[in-house]
Each structure stands twice: as C-alpha cells, then as structure tokens.
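J.: There's a structure below that I have some questions on.
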Amino acid sequence: MWRLKLGEGNGDDPYLFSSNNFVGRQTWEFDPKAGTLEERAAVEEARRSFLVNRSRVKACSDLLWRMQFLKEAKFEQVIPPVKIEDAKDITYENATDSLRRGVSFFSALQASDGHWPGEIAGPLFFLPPLVFCLYITGHLEEIFDEEHRKEMLRHVYCHQNEDGGWGLHVESKSIMFCTVLNYICLRMLGEGPNGGRDNACKRARQWILDRGGVTYIPSWGKIWLSILGIYDWSGTNPMPPEIWLLPSFVPIHLAKTLCYCRMVYMPMSYLYGKRFVGPITPLILQLREELHLQPYEAINWNKTRRLYAKEDMYFPHPLVQDLIWDTLHIFVEPLLTHWPLNKLVREKALRLAMKHIHYEDENSHYITIGCVEKVLCMLACWIDDPNGDYFKKHLARIPDYMWVAEDGMKMQSFGSQQWDTGFAVQAIIASDLSSETGDVLKRGHDYIKKSQIRENPSGDFKSMYRHISKGAWTLSDRDHGWQVSDCTAEALKCCLLLSMMPAEVVGHKMDPEQLYDSVNLLLSLQSANGGVTAWEPVRAYAWTELLNPTEFLANLVAEREYVECTSSVVQALVLFQQLYPDHKTKKISRAIEKAVQFLENEQKPDGSWYGNWGVCFIYATWFALGGLAAAGKTYKTSQAMRKGVEFLLTTQKDDGGWGESYLSCPEQRYIPLEGNRSNLVQTAWAIMGLIHAGQAERDPIPLHRAAKLIINSQMENGDFPQQEIVGVFMRNCLLHYATFRNTFPLWALAEYRKAAFVTHKH
C-alpha cells in the first residue's frame, strides 16, 4: 500500500537540505507489507468507484491518505447526522451538531506537524514532462519503480476523455497539447502503440492524426517535442537566451515579467540556445512515425511554426507577436548561431541563463517555483553537468511533487500546505469550539510559525530580479521560498487571531518583529492604484501581455493586482492595526484606504468581482465583501456592498445553493453550472460573503436555505462530497485543492451559526 510520510528528509542524502528540518514536507512511499486485507480492499474499491463515476465527478476525492490518517487517529464519528426538512425550521443546535461533526472529522486529518495535507493538481500537462526528462537523462527506472509506473498509468487512463484525447485539466475537453504529451508518456512508461487500457494509445493517436498530427501542437509542446527529437527546433518560435543580456530598462526584459513567465523562459531559453536534443532511441524513431502524417525528413519545419490546433487556441497570437517571431527567426537567429557571435554573445548568454537557474534552484532548495519550471531547470542542470551535484539535488526533490490518490499518481503544482492550513485554522477558530479543538489549533499555530520565511533571497537578490521575501509565507512550505501576498495575509490573520486566545490553549504568540516583517512585505506589494499583486511589484507594462507565447493560458507575462490578494491584505492589515495601533499607523491606514478604492473600482456592473484564483465571480465576491467589511463598509453605507449582495442573491439556486461553471473564468462572464446544480464550496463562499454584508440582520432566509443544503449534504462520517473543481490559474486552467470541500463548508457553517441565531450571540 501507498503511505504518506511527513516532514522527513534523508539524513544520509547529501543532496537534500532544508531551512526548517523539512516541516511540511509530504512524500509518498510504497510499502508492500502495509495494510490489512480489509484496508487494501477499501483502496481498491475507491479506485473502482472513481473509474465508474469519473464522467460525473472528474476530480478525485483524495481518499488514500485520508484513509491512512483516519485509521492512525482511530477516528470514529460519534455525533449523529443531522437532516433538515424545512429551512425555516433550522436551529442553532442543528448547525452546532453539523459543525461539530465536520470539525471532528477534519481535525482527525491534521498532520502531526500541524498542517493539512491534500492534493493540488488537476492540469494534465504536469506529469508527462517529468517522465520525458527522466527518460532523456536515463533515470526513469531509477526514480520510478514498477509501483510508481503502475499508478502513473492509472492516472493517465483515468483522465482520458471518451474521444481518446486528454484535456488541459481533468474537467476540460481534449486538446492537442495534453493529448500528445500523455500519449508519449504512455509509450515511455512501457505501453505499445496499440496498447493501454481500452485501446488508450490507439484512440489517442487517432485523435492526434485526425487533427493534422503533432505539427499542430502549441508552442510549449513544440519545445518539448524538439527536446525529445520528435520535432525540429527550426519549427519553434525563437527564445534567444541573449534576452538576459539586455539592459533591464528595456520594456520586454525578463526582470519585468511575471515570475512564473521568467522562471519558465529561463531554462527554456537555455535549452533553445543549446538546441538540445535527447538521445534518438528506437522509441523516439517510432514516435516520429506514429505522430506525423508525412515522413519526418519531408516536413517543412518553417511552415509548422504557425500551426496550432483550434482546440488549443485560447490566446491566439496577435500580429505584432508573429512579426517579432519572424524577425528573430529569419534575421537574428542566423547571426547569433554563427561565428563570431555564437562565441562572443550566445555562449555568454547561456552562461548567464545557467547562473540564474542555479540561483533560483538554491533559493528554493531545488523545489523551484513550480512543477513546469522544476522539470526544465532539472534538465538544464543535467545538460550542463550530467554527473554534477546540481542535477542530483534536483533528483532528491522529485518526491516533493508526487501525489497518490484513488485516480493514481500525479505531479502536483508543488503543494498548498500553508494555504490550506491558513484557511483551516480560521475555520476552526470561527467554530468557537476551542474546548474541543485546542490541540488542533496549537499544532496549526506551530506549523504556521515554523513556516514563515525568515530571510530574503541570498546575496544581491535585486540583481537576480528577486523581491524581498523576509516575513512572508509561501503557498506550500518554508523551503519553497517564494513569497505570496495572500498566503502571507491569511497566515498573518491566523497569527493575530491566535494571539488573542490563551497561550496555554493555542501556544505562544509570534514575536512582534516577525509580524512587522510580514506587514512590511504586504505593503511592498501594493501598487499605486491600491491593488495588491501576488508575488512581486508590477514591473511590466500591460501591453506586454500581447507577447504571451502560450496559446492556452492568459495573464502570463505581466504581474498584476488581484481582488483576492487585495482583500486578504486589507483584512490582515485592519486586524494588525487593531492589535498594534502604533506601528506604521499612517502608512497602514493609507494602504487600507487605497485598497478599498481598488476593490470598489474593480466591481463589475452586475455587482460581482472577477476571481483569478478561484471559480470565479462568487469566489472574488466573497473576498471583496470581506475586505470592504473589514475596512468598515456596511450594506447601508456602501453601494459596492449592496451591489455585491444583489449579485449573490440573484444567483442563488432553487435548492438554496450556488453553482458557477469554471467556464466563467475563460469567458470572463458569469456562467452557472449545467443542470442548475449547486456546488457546496461555492455555496460556502456565498454564505460568508452575505454574512460580511450583514445579510443575517436584514433577512436570514437565504442563509437558512444555503445552510440547509450544506448540512443535508454532509456525509455519515462528517466529510463532504467532492464536486466540481473550484481552483483556477492563468484564467484558463483549473487547479484541484482537495481540502476545500471540507474547509469552506465548515467555515461557512461556523460563521452562519454565529450570525443567524440572535438569541445565541454572546
């Protein structure tokens, strides 16, 4: 059986190192002796059930580690289930019982170090490049044994669409990019050209060939196929590493781009500059024959540069972008790849790109900023020195990315330990069940305190285009090293709320100087318009987004301000100012004032706000109303709050819930779920948004109806069912936060119980 291990490094591994003794680290290991016959049967039933129901619920319920933890905690649900017949008859006691059931279940899932584990995956282009990299370097069988490969194959099979292709994410229609990547992944994992479950390979290959073959794969795919030797570098758009040599004042300099754009281009430019091609093995030669419609040697690669499958085209290239690529391809690249510029300029640029790669690797303990970047940087390090320590340090951190669930083994974005824990702690605090949850809060508090970044990036970090990170929290764990504004704000809120509770119950409060560092970080990420960015200050002009080379994602080139980040920061700063009124008083007050103006300015005509990190308008409206309420705005005094409430009330479903399709994100307009369905997590967000705006005092009936849905949807053990994915990034791709289905319904019930029953208010 597979077992989740926590907070462990290998003391004998000189290539593995940590800033806080691996607190929050999650790795999976296969133990052939683990589990009773009954436990193994339960795992197999979870796998079978997912496969049977995958057309209805595309995301896994993340059951394997939950089974493990519940057994280790000897969890048994002793609080009877609650069912509500009529929303008007809902009582404080009903809400309390349901809340206690959910909190007791969720508390049993807390890790020993205080965080809540959980999957953060969903995109179907994460795993294949890792397999490609290890295949090229000759480490595939060393890193992944038979059990690993069995679970990887399970994951690929589980998410193949009926038409034979794979989507951008598990809920998406098939696209060329992910279909090609997953087909090659299957072949490298040992499946034959007509092999795989239910003729998986044959069906996928037919999907590809019916749409013109792999020459129609989008830009990122063309790069990976060129690396593998299934495509030719001359058919890709140029990514000259010489861009690193440009002066930083140039508008398109990588120093100015969004950190994720910069971190992808960094190793890609190195690979492009090297024109690296992996070993041309018999399998690669077979793939050339299988995936092209004409002989490989007869393909006109220059013509294929602009070929893209229509299924992949979310962000078509503007004319100006194609003109730039053509200029670089026709005039610039021939100069840079021939003497003397190949020696004078190209080699210097490659060395500088590698310098940046090593710097980012070291500062993230070889986790890197995310899984896409991780694989590219690891491959670049191997090319630079196949037997070097840099590559070996990368290999040591691969387990940090792997996750196993009933739908198999997948590669995660990187981890959401801190993000999930910050919300979980706030939900449990809101439950007012401290007599039952003191130990849980104490462990969560301890995890948050140990996970704060305590220093800035090493050396002259500004020359490496990095921002301050001291005082921040990451999305995952401290070793990751990348500051995020909303993760920092939510963690800061936790620390401040816990500081108001007895130390003997929740542990000692955080040192004020560390809180000051967090505030300093948050203030540094506010723009002139009052909005708050996610990772770094805005450095690029908005028009640079026209240069986005990735056809299936958007908002990729320039950092920008986000409603959710701004709201989280407002809430954290307001609470901080209440507890530390003499620290940077004027600066913080002005920051809050400007942030509120930003939130008001970002509201849509229908009263909603657009969400960048969750689906979508409901998510951002919850955040925005919370930020406005924290700053003292009310339904009576704020038109923005009144309009936000109107949006939520007019989108409530007949069953009392809310349900928004992920299509709202790419379409940038509110689209309800098909079939008038509700989603419990989105329902929870709407409840909390309405409570922020004082709905309980005006008319609690909409809240009662929504609470009834949540309570009646609770499962026998206190869990909640997995439904549609509600996380998103880069406007067009979903991200599955598996703990959300517990955290937010519990949090909403907690806030509802406090707000909707006047006679029980303290």
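First residue shown is number 1, and so on along the chain.
Glycine residues also receive a Cβ, built from the backbone N, Cα and C atoms like all the rest.
Quick paste of what Swiss-Prot says about this protein:
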type	residues	note
ACT_SITE	ASP486	active site, proton donor
REPEAT	99-141	repeat 'PFTB 1'
REPEAT	149-190	repeat 'PFTB 2'
REPEAT	441-485	repeat 'PFTB 3'
REPEAT	515-560	repeat 'PFTB 4'
REPEAT	592-632	repeat 'PFTB 5'
REPEAT	641-682	repeat 'PFTB 6'
REPEAT	703-744	repeat 'PFTB 7'
SITE	TRP419	site 'Transition state stabilizer'
SITE	TRP613	site 'Transition state stabilizer'
J.: Among the recorded stretches 99-141, 441-485, 515-560, 592-632, 703-744, which has the greatest number of Cβ pairs closer than 8 Å to the repeat 'PFTB 2' (149-190)?
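T.: Selected stretch: 99-141, with the most Cβ pairs under 8 Å.
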J.: Please indicate, using numbers and ranges, the residues of the same chain that are 6 or more beyond the repeat 'PFTB 6' (641-682) and have a C-beta under 8 Å from a C-beta there.
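T.: Same-chain contacts beyond the flanks: 87, 171, 314, 554, 603, 606-611, 615-619, 621, 624-625, 628-629, 633-635, 689-690, 693, 695, 702, 704-710, 713, 720-721, 723-726, 728, 731-732, 734, 740-741, 744-745.
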J.: Using a Cβ distance cut-off of under 8 Å, indicate which of 441-485, 515-560, 592-632, 703-744 has the most pairs with the repeat 'PFTB 1' (99-141).
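T.: Result: 703-744.
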J.: DSSP three-state call for TRP613 (site 'Transition state stabilizer'): helix, strand or coil?
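T.: The residue in question, TRP613 (site 'Transition state stabilizer'), is coil (DSSP, three-state).
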J.: By a Cβ-Cβ criterion of under 8 Å, what residues six or more beyond either terminus of the repeat 'PFTB 7' (703-744) are in contact with it?
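T.: Hits for the repeat 'PFTB 7' (703-744): 57-62, 66, 70, 75, 77, 79, 81-84, 86-88, 90, 94-95, 98, 101-106, 109, 116, 118-123, 168-172, 314, 405, 413, 416, 419-420, 423-424, 427, 552-556, 611-616, 619, 652, 655-659, 661-662, 665-666, 668, 673, 678-687, 690-691, 695-696, 752, 755-756.
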J.: Who are the chain neighbours of the repeat 'PFTB 3' (441-485) in space, where the CB to CB distance is under 8 Å and they lie at least 6 residues beyond its ends?
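T.: Sequence-remote neighbours of the repeat 'PFTB 3' (441-485) are 18-20, 22-25, 110, 112-115, 248, 254-255, 259, 262, 356, 359-360, 362-365, 367, 369, 414-419, 421-422, 424-425, 428-429, 434, 491-492, 494-495, 498, 501, 505-507, 510, 514, 516-522, 524-525, 532-537, 565, 568-569.
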J.: Report, in whole Å, the straight Cα-to-Cα distance of ASP486 (active site, proton donor) from TRP419 (site 'Transition state stabilizer').
T.: 9
J.: Write out how many residues of the repeat 'PFTB 7' (703-744) are helix, how many strand and how many coil, based on DSSP.
T.: 16 helix, 8 strand, 18 coil
J.: In whole Å, how far does the CA atom of the residue listed as 'active site, proton donor' lie from that of TRP613 (site 'Transition state stabilizer')?
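T.: On Cα coordinates alone, these residues lie 11 Å apart.
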J.: For the recorded sites listed here, TRP419, TRP613, which shows the highest count of neighbouring CB atoms within 10 A?
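T.: The most densely surrounded of these recorded sites is TRP419.
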